[in-house]
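Here is what TrEMBL says about this protein:
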- 142-261: domain 'IFT140 first beta-propeller' (DOMAIN)
- 10-41: repeat 'WD' (REPEAT)
- 56-87: repeat 'WD' (REPEAT)
- 100-141: repeat 'WD' (REPEAT)
- 144-175: repeat 'WD' (REPEAT)
- 188-229: repeat 'WD' (REPEAT)
- 285-320: repeat 'WD' (REPEAT)
């Protein structure tokens, strides 16, 4: 298996691209960066990609994360300015319809639940906020203070109202709903340094995490739904691993692929072997000129987006 670069998109020339997010149909890619802008990229008739929209009248500081709602018409963003914003798209025009304020300082990540009913945010204030979204009104459903340090990212279970977070305290927390509240139901401890990101498998029975300790760890749920360490991959990267994304299976493809990105300028593709081990099936060195901060699989095909400190977004075709 190999990665073939199919496009290079310049978000900004003098600073990092922090995050990319594909729309549910896979026809639009959102990116955010230190220049306080969100850019929306769409494919053209000839198969190329171009910037269709720039959102620059929102955040006052670096935008750290963007996330599409399952409906495809709402986009969430969060920033070091301490605010998360909700953007609505009408006929290609984006307007900010809500500002979610509650974090004390930098908001590091924002993600929609699979149902679209909830939004999770996390930040430097060590907290995870769960917001309830109803009729484009967004209210705080819970604030959880389970981590002891900066919370780097959050991700939702693909079908249940279950949330996972990764932190500077070297742990992963799992949150579930308890009546009208949310609580930490499990703490996963196997990394020896900052956990940067986590991602669920398509069936929700497995979880993968990446860390400053250079490792990628696979976790599997037992019969009681508790996640246990199943295997680890420590040779994919030789510097911190900043991002991970688990591909959702597409028609005609049985192998679910995991993409990782790190401070060694590389992008890797991993797969879970028949014996349950994480195996490297492809490694792309020098994927960017500097740290690679984000990776994201297109939901409709084996197309991978990456963003790096070089201010660029690269699109990669994953080929046999």
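A Cβ is built for glycine as well, from the same backbone N, Cα and C atoms used for every other residue.
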Helix, strand and coil totals (DSSP H, G, I; E, B; other) for the repeat 'WD' (10-41): 0 helix, 17 strand, 15 coil
Cβ contacts under 8 Å made by the repeat 'WD' (285-320) with residues that lie 6+ beyond its boundaries: 1-22, 24-26, 29, 31, 33, 41, 49, 242-248, 250, 253, 257, 259-267, 269
PLDDT averaged over the residues of the repeat 'WD' (188-229): 97
Distal contacts, the repeat 'WD' (188-229) - CB-CB under 8 A, six or more residues away: 152-153, 155-160, 162, 164-168, 170-174, 236-249, 256, 258, 260, 262, 270, 272, 276, 278
Number of helical, extended and coil residues in the repeat 'WD' (285-320), per DSSP: 0 helix, 20 strand, 16 coil
Tally of residues which DSSP labels helix, strand or coil - the repeat 'WD' (188-229): 0 helix, 22 strand, 20 coil
